[in-house]
Ligand code: 6GU
């Protein structure tokens with residue numbers, strides 16, 4: 001997949017994508033990232049990219065033309081049709097379902113705003129979708145663009161090894177992940193839940209599912225659609241709740 005980033009700081013997004021799974025996806029040719037700086041399309045010695053808002057008020061608004069020309073240059077760099085996404089706190093919230101949808105597009109153009117925002121006419125003319133990564137304010141869309149790049153890159157076929165794919169599954173299925181442990185078994189900070197040492201794969205799977213359900217119930221009840229749970233999951237969640245309400249749910253306590 002190809003992703004073009006239109007930003008006053010395109011190197012910022014490139015740096016975020018240079019490491020780990022995403023860096024490896026680029027090395028494997030699964031993702032190609034390209035940066036376009038609207039300043040390069042701004043005329044004059046000052047290369048101005050923003051101006052004061054009509055109607056007054058604080059802050060600056062990004063000019064139409066440098067952004068328009070940068071987006072058109074990005075479009076022209078590849079014949080495939082691009083979906084243009086503007087990263088803004090005014091956008092719809094990014095979810096894993098949306099990430100899956102974006103990851104299936106062969107081409108994305110990610111538009112990053114700075115200052116108070118972008119002239120609305122540019123958004124109306126060029127942008128297909130506006131996305132936010134959460135209810136807090138960032139200084140620009142670059143970190144959000146890096147989040148999108150990371151999330152879509154790891155979904156490209158061949159980006160993850162088997163272990164990474166398996167780990168991905170938990171959130172894909174709408175539940176939080178279970179806790180994980182590694183050596184040593186005994187440590188001053190606590191011991192490993194006995195069931196994980198049992199070698200009983202059915203019991204281990206049952207415990208992990210129960211922990212996933214229980215954590216989701218405790219931490220992200222908004223994610224848990226209890227009506228949609230199967231009978232087995234409801235029984236596991238009931239067992240978790242019973243244990244939790246008895247105060248036996250210490251981090252080291254599967255006693
Ligand atoms: Cl996409 N941009 C900015 N500036 N702030 C944000 C955001 C995006 N998502 C959450 N906060």
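Residue numbers in this text run from 1 along the chain shown.
Backbone N, Cα and C atoms are what each Cβ position is placed from, and that goes for glycine too.
DSSP gives residue 133 (S-adenosyl-L-methionine binding site) a coil state; it is part of no helix or strand. TrEMBL lists 113, 133, 134, 135, 136, 137, 138 with the feature S-adenosyl-L-methionine binding site.
Residues or ranges marked as domain 'tRNA methyltransferase TRMD/TRM10-type' in TrEMBL: 1-225.
Looking at 113, 134, the binding-site residues in this record, the fewest other C-beta atoms within 10 angstroms of the C-beta turn up around 134. If you draw a 10 Å sphere around the CB of residue 135 (S-adenosyl-L-methionine binding site), it holds 7 other CB atoms from the protein chains shown. Taken together, the residues of the domain 'tRNA methyltransferase TRMD/TRM10-type' (1-225) have an average pLDDT of 96.
Take the CB of residue 136 (S-adenosyl-L-methionine binding site) and look out to 10 A: across all protein chains shown you find 7 other CB atoms. Neighbour counts were taken as the number of other C-beta atoms within 10 angstroms of each residue's C-beta; across the binding-site residues 133, 137, 138, the minimum falls on 137. Spread of the S-adenosyl-L-methionine binding residues is 16 Å (greatest Cα-Cα distance among 113, 133, 134, 135, 136, 137, 138).
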